[in-house]
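Novice: Structure provided below as structure tokens; questions to follow.
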Amino acid sequence: MIELYHAFAPLIPVFFLLFIGIVTVFLVLNKTTGHELNSLKRKIHLLLYIGFTVNIAGMLLVTLMPTDYPDRMVQLIPFLSIIETLEYATPRAIFNSIVLNVILFIPFGFFTYILTRRPLFTISLAITVSFTIEVLQYVLPIGRISNIDDVILNTAGGIIGMLCGMLALKTQIVYNILTKGKGK
């Protein structure tokens, strides 16, 4: 957890402001469109859409934050940087390069699956979003390295999140948490 804090400490205030803004926009839109939060189902859907939107904002914030690295680079050989990282890097670099890329897309896969209940769509969207981020990292002058391994790791995270979503729906864990186990 300390690794996560150190990696993203500068982004916490920005993310907090984004979170407040997103929640405010959703609540205002919900109110102005005449939707009332008068049922548990509507509240759950609103929370899921807020979670999905906050997740997308967080992913873009983390992946498109400029670095001090001046050059644009692209790595298109699958698994090359994963293998090199596992063979030569420190545990901290392994965590930052591999584990965080997987973790980043777990909520995305979870929310996408819960909202759509379509496994192939969830996986396809995870691949598409990850690929788009990598293209933006190359095209924008932000000092990022575009890496096919990031797409692979992000997709793995999306699949893990989707499996968690499937499990949550199958066990009705989301519903039970929100109703505090009281049923309907």
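Using the three backbone atoms N, Cα and C, a Cβ is placed for every residue, glycine included.
Annotations per TrEMBL:
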TRANSMEM  12-32  transmembrane segment
TRANSMEM  44-65  transmembrane segment
DOMAIN    61-167  domain 'VanZ-like'
TRANSMEM  93-113  transmembrane segment
TRANSMEM  120-140  transmembrane segment
TRANSMEM  152-178  transmembrane segment
Novice: Helix, strand, coil: count each for the residues of the domain 'VanZ-like' (61-167), based on DSSP.
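Specialist: Residue counts in helix, strand and coil order: 79 helix, 6 strand, 22 coil.
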Novice: Can you work out the mean pLDDT of the predicted model over the domain 'VanZ-like' (61-167)?
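Specialist: 95, rounded to a whole number.
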